[in-house]
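Per TrEMBL, these features apply:
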{"type": "DOMAIN", "residues": "24-513", "note": "domain 'Major facilitator superfamily (MFS) profile'"}
{"type": "TRANSMEM", "residues": "20-49", "note": "transmembrane segment"}
{"type": "TRANSMEM", "residues": "69-88", "note": "transmembrane segment"}
{"type": "TRANSMEM", "residues": "100-119", "note": "transmembrane segment"}
{"type": "TRANSMEM", "residues": "125-143", "note": "transmembrane segment"}
{"type": "TRANSMEM", "residues": "164-190", "note": "transmembrane segment"}
{"type": "TRANSMEM", "residues": "213-232", "note": "transmembrane segment"}
{"type": "TRANSMEM", "residues": "355-372", "note": "transmembrane segment"}
{"type": "TRANSMEM", "residues": "378-397", "note": "transmembrane segment"}
{"type": "TRANSMEM", "residues": "409-428", "note": "transmembrane segment"}
{"type": "TRANSMEM", "residues": "448-468", "note": "transmembrane segment"}
{"type": "TRANSMEM", "residues": "489-508", "note": "transmembrane segment"}
Amino acid sequence: MSEIQNKVFNALDTAKTQWYHFTAIIVAGMGFFTDAYDLFCISLVTKLLGRIYYHVEGSGKPGILPPNVSAAVNGVALCGTLAGQLFFGWLGDKKGRKKVYGITLMIMVLASIISGLSFGSNPTAVMAGLCFFRFWLGFGIGGDYPLSATIMSEYANKKTRGGFIAAVFAMQGFGILFAGIFAIVVSSIFKARFNAPSYAVDPIGSTVPEADYVWRIILMTGAIPALLTYYWRMKMPETARYTALVAKNQKQAAIDMSKVLQVDLEAQQEVVVVDTIPQQSAGSSSSFGLFTKEFLRRHGLHLLGTTTTWFFLDIAYYSQNLFQKDIFSAVGWLPPAKTMNAIEEVFKIARAQTLIALYGTVPGYWITVFLIDYIGRFTIQLIGFCMMTIFMFALAIPYNHWIQAGNHLGFLVLYALTFFFANFGPNATTFVVPAEIFPARLRATCHGISAAAGKLGAIVGALGFLYLSQNKDKAKTDAGYPPGIGMKNSLIALAVINLLGALCTFLVPESKGKSLEEISYDNEDVQVQQQPPTHN
């Protein structure tokens with residue numbers, strides 16, 4: 001590494017926390033606010049979609065989405081997210097973080113709006129349009145993962161880098177919370193304006209025609225926060241680390257860093273004009289690619305660790321999030337669907353999910369933000385997985401006790417604690433670590449691969465839980481579903497998955513307090529034969 005490069009990176013690593021850091025958190029974080037809103041608001045309206053489009057004349061229960069439709073509606077955005085993480089992660093390393101950062105946001109804005117405008121002459125056409133546009137919504141969301149994480153890690157100093165990256169991701173908690181609050185507000189307004197009897201009293205009249213506006217408004221609102229931050233994203237310069245290490249332009253890196261971090265590098269800039277970085281030969285160890293033996297030797301286990309931990313986490317996390325309404329109904333916290341009208345059901349589902357987000361999800365995110373640079377990523381992730389395992393078993397083993405009248409509060413407290421330790425744990429750290437431990441030229445790509453493994457887990461969780469959680473008794477399953485293993489056994493399966501995540505955590509190195517160049521071996525002074533870092 002040249003002396004000029006070393007000075008640039010040292011200035012980044014030792015820079016004091018400034019207003020620009022917080023601006024970057026907000027600009028990047030609002031993308032995650034939108035991501036969470038868009039991915040999880042669908043769980044608030046799926047029961048409403050079933051009532052509107054799949055009512056069965058003469059049935060004693062409100063209509064529900066058929067299994068294949070429910071799987072598509074819940075899972076298609078996750079499929080798009082997986083594709084977007086891989087594509088934009090690769091593109092961010094090839095073309096630069098800034099050049100593709102605005103593209104992801106505009107895809108999210110357009111897809112959010114158009115998904116709420118899914119119309120058709122029959123339910124199949126409406127659901128097909130909704131799924132098509134939610135796939136592209138997920139594609140834009142997927143790009144936000146590797147780009148936002150990489151940009152924030154490359155802007156931050158090494159002392160507070162973990163907290164800054166985690167703060168970007170923590171905006172996801174506010175997105176989930178806002179989705180619930182907004183659904184409460186919209187459903188309250190429509191319920192007051194268009195009052196209707198319960199399904200048991202009047203199956204047809206319980207779903208007023210105006211209910212069709214409710215789900216559309218909720219989905220389309222996701223475009224607003226993303227649109228508000230588009231201008232500021234376009235104003236952000238390319239990260240100095242990408243410009244210096246990948247684009248090989250030290251002068252521009254120094255200029256950009258001077259602007260945003262208020263660091264005076266004018267003296268160095270004069271030298272940089274004549275002191276450029278020599279291009280590495282194709283065979284040099286510092287220019288190895290993703291599919292090489294050198295990458296496998298240095299970072300193979302690291303990538304295995306980041307992908308497996310994110311995979312196992314998201315199986316549990318997304319199945320819990322997307323199907324909270326089913327869990328709440330199973331334990332009796334939500335009244336039977338036939339005792340409510342369509343809009344009232346949206347209100348009660350949103351209220352329940354908002355309480356879980358307020359008391360479990362959001363606090364966990366922000367405690368991670370404040371502690372991650374003190375106790376480390378590895379410790380937080382291991383504690384989180386272990387506590388999620390314990391609480392899942394505590395919910396599952398005495399499950400028959402929790403579903404008895406009067407015991408619902410205890411179940412909800414333990415359930416909220418699983419969310420708390422997911423977010424004060426692996427849901428935050430699996431996002432942070434891949435943005436730190438890989439070389440700059442492969443950083444966004446490796447983060448995208450890790451995140452895509454997570455979304456594969458989310459797809460497995462979303463589809464698997466949908467079927468497995470069905471009652472063992474065929475007579476008690478939802479219409480169109482085969483018998484499953486029951487809610488109790490499903491929760492046991494999630495506990496075991498969390499335990500596997502804890503074991504895979506031992507493959508992930510600790511990056512607390514280290515510069516990106518040190519942990520990723522971008523620093524050419526580090527000898528090739530040096531062994532990968534171990535846990536502190």
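Any Cβ shown, glycine's included, is placed from N, Cα and C.
TrEMBL entries are annotated by machine, without manual review.
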Other parts of the chain folded back onto the transmembrane segment (100-119), taken as Cβ under 8 Å at six or more residues beyond its ends: 31, 34-35, 38, 84, 88, 91-92, 125-127, 129-130, 133-134, 136-137, 139-144, 147, 151, 215-217, 219-223, 226-227, 229-230, 233-234, 236
PLDDT averaged over every residue in the domain 'Major facilitator superfamily (MFS) profile' (24-513): 86
Interface check, the transmembrane segment (489-508) with the transmembrane segment (20-49), three or more C-beta pairs under 8 A: no
Interface-richest range of 125-143, 213-232, 378-397, 409-428, 448-468 toward the transmembrane segment (69-88), CB pairs under 8 Å: 125-143
Contact set, same chain, for the transmembrane segment (355-372): CB under 8 Å, 6 or more residues outside the stretch: 162-163, 166-167, 169-170, 172-174, 176-177, 180, 324, 380, 412, 415-425, 427-429, 432, 512
Annotated stretches the transmembrane segment (20-49) and the transmembrane segment (164-190) touching (3 or more Cβ pairs under 8 Å): yes
For the transmembrane segment (125-143): best-contacting stretch of 164-190, 213-232, 378-397, 409-428, 448-468, by Cβ pairs under 8 Å: 448-468
Listed stretch, out of 164-190, 378-397, 448-468, that has the most CB pairs under 8 angstroms to the transmembrane segment (213-232): 164-190
Contact set, same chain, for the transmembrane segment (378-397): CB under 8 Å, 6 or more residues outside the stretch: 309, 313, 316, 368, 371-372, 411, 414-415, 417-418, 421-430, 433, 488-489, 491-492, 494-496, 498-499, 501-502, 505, 508-510, 535-536
